[in-house]
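Asker: Features from TrEMBL:
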- His226: active site, tele-hemiaminal-histidine intermediate (ACT_SITE)
- Gly62, Ser63, Gly64, His65, Lys113, Asp118: substrate binding site (BINDING)
- 11-341: domain 'DhaK' (DOMAIN)
- 381-583: domain 'DhaL' (DOMAIN)
Amino acid sequence: MAFQGKKLINNPDDVVTEFIEGLVETYPGLQYLDGFPQIKVVLRADVERGAYDKVAVISGGGSGHEPAHAGFVGPGMLTAAVSGDVFASPPVDSILAAIRAVTGPMGCLLIVKNYTGDRLNFGLAAEQAKSEGYKMEMVIVGDDCALPPPRGIAGRRGLAGTVLVHKVAGAAADAGLSLADVAAEAKHASEVVGTMGVALSVCTLPGQVTSDRLGPKQMELGLGIHGEPGVAVVELQPVDVVVEHVLKQILSQETQYLPITRGSNAVLLINGLGATPIMELMIAARKAVPELQLEYGIAVDRVYTGTLMTSLDMAGLSITIMKSDENILKRLDAPTKAPAWPVGSEGNRPPAKFPVPVPPSPSMKDDEILAQPQELSKQGCILEAAIEASATEIINLKDSLNEWDSKVGDGDCGTTMYRGATAILEDMKKRYPMNDAAGTINEIGATIRRVMGGTSGILYDILFKAAYASLKQSRTVTANEWADALEASVAAVSKYGGASVGYRTLLDALIPASTVMKQRLKAGEDPVTAFIASSEAASAGAESTKQMLAKAGRSSYIAPDLLASAPDPGAMAAAAWYRAAALAVKNKLHGSKS
């Protein structure tokens, strides 16, 4: 069902002019022609009309592709960019205004994406400018590799590869080359570049309804940057499969869109289409580079990953490959102040991986662990049972923890704890010296530090390291030593995390547990009974977090009425593994379950 698209805009008719106003307010090196709303031109602020002593490079087209094209205006790239309305070619008068504003005696090169409206409007403007005495050249970029070779006059569509052509031409112009030479370099670049896009959603134009053309589990191959249909709608695939398909299409020997063969060098551009997180783009880049190198025998000289040419809020990406040579790399590496050009990508690429030695756990080296006796002592068996029960309980609680955390945090508490619990179960089979309580606790900390990220990971690492520091001082570990270790752990977490009872954290479970444990043991109570009682205190403390205002962690940013709908997931997790350990110890020693 279609629905009205949500946009952070004012009047839909004013989005282009207001974008330009915001752009020039942000970047002092840019300004715009005072011709709104008909004339929408961004130009370099340092270029004086009629006095520019280098070739002017102008591009543009319909808006909705930001940061293209205005974001690529700056020394070393475009001299000016002309914007039409959203997905509409700019009128001839706007293009002429840009030419007149920035073109000097060296002439002007127009770089145009291959769409009929752009070709006609820029072409007519070029002819008019020639009649006024300006030296003009125009290069058409049609880098789309998704569709079969066109049979008519339309040709291949202009896509993100146009941005690379901008850079080559802009750098050539900045180097002082003649108009003919700048145009020749731009034309060559346009002939060795290919692009294909993949979309997860269709873009929504300002003030219009959102299309439901793509279902929740569908993706579209070869979609155009104006939302026009692509080659095929298919089921959603993992990004590695998508990258393989796109590269195969771009490098197809049947279409021969690109003059690239095994042994060639190339530049790679992974471009976001508007609503794609940089994380997903980088995941695609990480697949594309070795795929090109290993499967196609192509040396990848440069990789650009980011959002350069979009289709409004479309979710998806495009992949561009440009055959590179020494001159093209020189142009791409040349400095530019264009605000949207990706920085930090120039220069030769060193090996992606650099080995970083990971020091072994200070408690024991691997050979010492493997040399431990296989037969466990009574205490070793009890410790093993407690650890296994605790980890299993966390694994079983994963979905509930995530559900609670989705209401009061970022929704990943269960996943994070699950990661730690499964790693503990794996490591305990081969790494933990169960007959050495202190050593085992230290190894648990090492496991957590290795696999658990975020705040939970570091807090549990601190907790187990503090427990280890307490336990290693005793030659024999008794119930009192375990109670002291728990107390030391709680104190360390409170010290470094800044929380205490009532802050709505895991300490709301562990502090009551520690207090009851110490009190019961001091009163002479049986250690197992004291352990069970302290686990009940932990559970009660965790449940009580429903009534608490958060004073630490992400929950502190959540409205109180939303917090009341769920307990603190960190406290519930702590209470769960602690309770499971207590019951496992009781079962091991007393042979019964409560």
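For all residues, glycine too, the Cβ spot is worked out from N, Cα and C.
Surface or core, plus neighbours and distances: that's what I need for these features.
Answerer: In sequence order, Gly62, Gly64, Phe87, Ser311 are the residues of the chain that are 6 or more apart from His226 (active site, tele-hemiaminal-histidine intermediate) and have a CB within less than 8 Å of its CB.
Its own atom aside, the Cβ of His65 (substrate binding site) has 28 Cβ atoms within 10 angstroms in the protein chains shown.
Across the residues of the domain 'DhaK' (11-341), the predicted structure has a mean pLDDT of 94.
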Asker: Grab the substrate binding residues from the record (Gly62, Ser63, Gly64, His65, Lys113, Asp118) and give me their largest CA-CA distance in Å.
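Answerer: Max span of the substrate binding residues, Cα based, is 15 Å.
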Asker: Please work out the number of neighbouring Cβ atoms within 10 Å of the Cβ of Lys113 (substrate binding site), leaving out its own Cβ.
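Answerer: By my count, 30.
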Asker: Radius 10 Å, atoms counted are CB only; among the binding-site residues Gly62, Gly64, which position scores highest?
Answerer: Gly64
Asker: Have a look around Ser63 (substrate binding site) and count the other CB atoms within 10 A of its CB, chains all included.
Answerer: 24
